[in-house]
Amino acid sequence: MRLVILDDYDLASEWAAKYIRNRIVQFKPTADRYFTLGLPTGSTPLGCYRKLIEYHKNGDLSFKYVKTFNMDEYVGLPRDHPESYHSYMWNNFFKHIDIEPQNTHILDGNASDLQAECAAFEQQITAAGGIELFVGGIGPDGHIAFNEPGSSLVSRTRVKTLAKDTIVANARFFGNDLSKVPTMTLTVGVGTVMDAREVMILITGAHKAFALYKAIEEGVNHMWTVSAFQQHPRTIFVCDEDATLELRVKTVKYFKARMH
Amino acid sequence: MPSNKSVSDAPITQFVSCRILKDHRLQWEDLWVREGKILNPEKLFFDEEGFADHKVDCGNKIIAPGFIDVQINGGYGIDFSQASGDIRRGVAQVAKKILEHGVTSFCPTLVTSPPDIYHKVQSVHLSLPFISIHLEGPFISEQKRGAHPPKFLRTFKAGGVADLMETYGHLDNVALVTLAPELANSAAAIRELSGRGIVVSLGHSMADLSQAEEAVQNGAIFITHLFNAMLPFHHRDPGIVGLLTSDRIPPGRMVYYGMIADGIHTHPAALRIAHRAHPAGLVLVTDAVTAMGLPPGQHSLGQQQIDIQGLHAYVAGTTTLSGSIATMDMCVRHFREVSGCTVEAALEAASLHPAQLLGVSNRKGTLEFGTDADFIVLDDTLTVRETYIAGQQVWRK
């Protein structure tokens, strides 16, 4: 793996956004060869999205030939609910850039047949030629997407019930009322993300430090599903100083040295 | 990009680089319009996979809902109460001119007039979009008649409803009626009017607070030009003004009040007192007269002669004010300046609040998705630069 450590959240967001921008620009996508991008939600990637929007508005980055696949969506939440991931993506990203609506893919948590919806999503990824770069985050319980502790490390897109940790972490988006947080989601599987040609995980903040430690300094374990990426050929972990607080000094020094 | 919209092929316009008044705040958001209505772009994106056909750059200006004037007696030489000549054309002429002031809907107001005038005006079918009438009188107080001609005042002799129909003919096109609740038998009339969805407004009245409260309990929800043509506020009997803080308003109901914020009809301190006491109910009105928009001199209003001097309009030969010649955008700017309120509050007092008063806020007075695309573009001095009705630009500075 590559572990990229920046001083603070803003610098980490900027580094990640620049990386995405450079990958898309160097790929030179066209109508016959789209750049496929996997995308996360949550508070961690907000800074990264803001920078990407800035690069777009500067004229440095176009999303005309980019296809996006989001990681997850709540089940049963109305699509226009302010906390749905459709709303998140529209307000924080899509409405500010030039991406075409038919090139965006987000799981439909209100589909009448949820399993068919998940299977169709996998097919859409395959039809698009697979994911070039999957951007993700990590939960405080070490999950990638909504692959909660105990998820199979070779899982595919499916329905998942949320763990208590995740529900508590999400309560702040629902007025701190636990009863209002959805309990089920549709999520890409660990295996789905592992299929991507490159994976970039954003991890910022001291509250994620323990999860990062478990993900990269301990073994591959289905209780900390991000650890699966130890077995991926091209993974980058982008973090700020606070997220490294639980790592060994040796690990941090090694990777920091590689930054210069 | 090929058109692949599934709901409609009508062109979509996206107004960018603007701050729109939404959820009571000015927000940096684009405004999307299709087929004369405000469009939800998120729904367009996900449901129809659609996009804008034209983009209009607003140069970082403000977009607000079009102003709604519920009390305007005429302007530019047209006097709605004269009912001479082509009434429909007169209303249309004023409608066109006041677009320059940002007014996209209004209630042509008839002051106290003889029954034949009412019957004549009412017989005309005003087919213009959303324009319905304000009948100010004749069931008003003689002592508080202001500029209204005394010989055409009336009381509820027959018991309310019969008097209404005899005087007005019919009430099909009527949005508001101003009356004095202390007149005997007014309760039945108030109930009849509000039962028909017509806004009953208290004004030109000598009512005390308990009479006013009873009227509200019978259905009245508006006060015509607060402070003017009513008893002054007194600390032991607040009169109609006391409705602003009355505790006898039926639950779930709100009393709105019109204010002429022209700097002449209301002292700024009085405007501030009213605003601070009950900000949600403040509705800016112009009460503009025939002479609005015309040069100084003598003009006619109702059955009387009016004298214009600068920004003042008097009953000829007296010092009684006879309506104002301020325009709605001037009122909005003046209100903001003297009350120190936010830009949003000033704009809402001329758009959202009148729409709520008239019960049409589900389609007018806001920029909510699905409402009529009647809006204005203003600069930061709150000067109107462009006016749109049903998404079409109908005036530009």
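Residue 1 is the first one shown; counting continues down the chain.
Positions of Cβ are set from backbone N, Cα and C atoms, glycine also.
Whatever TrEMBL says is automated annotation, not expert-curated.
Per TrEMBL, active site, proton donor/acceptor is recorded for B:D287. What TrEMBL lists as Zn(2+) binding site is B:E136, B:H204, B:H225. TrEMBL lists B:A147, B:N228, B:A229, B:R236, B:H265, B:L321, B:S322, B:G323 with the feature substrate binding site. Annotation comment: TrEMBL describes B:62-394 as domain 'Amidohydrolase-related'.
Shown on the structure are the features that TrEMBL records.
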residue : record                 : Cβ contacts under 8 Å, 6 or more apart
B:E136  : Zn(2+) binding site    : B:Q71, B:T109, B:L110, B:V111, B:T112, B:H148, B:T178, B:G203, B:H204, B:T224
B:H225  : Zn(2+) binding site    : B:Q71, B:G203, B:G258, B:M259, B:I260, B:H265, B:V285, B:D287
B:A229  : substrate binding site : B:K144, B:R145, B:G146, B:G203, B:H204, B:S205
B:R236  : substrate binding site : none
B:L321  : substrate binding site : B:G146, B:A147, B:N228, B:I264, B:H265, B:H312, B:A313, B:Y314, B:V315
Across the domain 'Amidohydrolase-related' (B:62-394), average pLDDT on the 0 to 100 scale: 91
For the binding-site residues B:N228, B:S322, the one whose C-beta sees the most other C-beta atoms within 10 angstroms: B:S322
Other CB atoms, at most 10 A from the CB of B:A147 (substrate binding site): 22
Check: same-chain CB within 8 A of Zn(2+) site center, minus B:E136, B:H204, B:H225: B:Q71, B:G137, B:I140, B:G146, B:H148, B:T178, B:S201, B:G203, B:T224, B:N228, B:A229, B:D287
Of B:H204, B:H265 (the binding-site residues), the residue whose Cβ has the fewest other Cβ atoms within 10 Å: B:H265
Neighbour tally for B:D287 (active site, proton donor/acceptor), based on other Cβ positions within 10 Å of its Cβ: 29
Other CB atoms within 10 A, centred on B:G323 (substrate binding site): 31
